[in-house]
Amino acid sequence: MEKFVSMAFVGLIGAVLLMECAEAQTVHVVGDSMGWSIPMSGGAGAYVAWAATKNFVVGDVLTFNFVTNEHDVLRVPKASYDGCTSSNPIGNPITTGPTNITLDSAGEHYYICTFGWHCQAGQKLAITVSATPGSSPSPTGNPTPPTTSTPTAPSPNSSTPANCTLAPTSGPTAGGPTGSTTRTNNIPTTTGIPDSSSSLVL
C-alpha cells in the first residue's frame, strides 16, 4: 500500500509539472537587437516587419529594452497610433526601461513612444493578440491597462523545473540584457534575461 501511495504522489507531482509547462508564456523582446528605439533602418516599417514574424497570445510578455529618460512606452487606441498622439491613452506612460508588459487581452494592441518625434520616425508597434495559440483574436472592446514588471529570470537554484525555463529563439539583444543557454535532458534552457521570443513559466 505504501508503495502505491508513493507512486500516486510521484504521478501527481509529474502532472502538476506538466500543467506548469503547458501554461508557459512567450517573452517577445520588441525589435530584437534593435530594442525599443527610433529605427535606424526600415524606418516606419521596422516594427511592422518585426511583429509580422511573431505570434502573440494572451499571457505573453513584451519586453521593451530602452534607456530610462530617452524613450517611453504608451499603449494607445488605433486612432492615436495612426496619428502618433498620446490622446486617449490606455494606462499611463511607462518611463523606466527596460520594462515588461503582459498581454492581458485579445485583439489589436498599439504602442508608441511619446518623446519628441520618435513615433513619427517609426518608434511605434501594432500587434494582434490571440486568445489562445492558433485562435483568432477577439475585439478588445474596452481594453484594460497593461500589466508591467521589471524583467526577471529564474535563478539557477530556482525550484522551477529545468525543462520549463527560458529558451530563446533568436540572437542576443544589442545594448540590452542577455542570458546564457544550456541544454538539460537535450532541451534548451536559459538563465538570465530572454533575448527574444522564449518560454517562461508563470
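Including glycine, each Cβ sits where the backbone N, Cα and C put it.
Record features (TrEMBL):
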COMPBIAS  130-139  compositional bias 'Low complexity'
COMPBIAS  149-172  compositional bias 'Low complexity'
COMPBIAS  179-194  compositional bias 'Low complexity'
DOMAIN    26-131  domain 'Phytocyanin'
REGION    130-202  region 'Disordered'
SIGNAL    1-24  signal peptide
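For the domain 'Phytocyanin' (26-131), the mean pLDDT of the prediction comes to 95. The DSSP breakdown of the domain 'Phytocyanin' (26-131), given as helix, strand and coil counts, is 19 helix, 34 strand, 53 coil.
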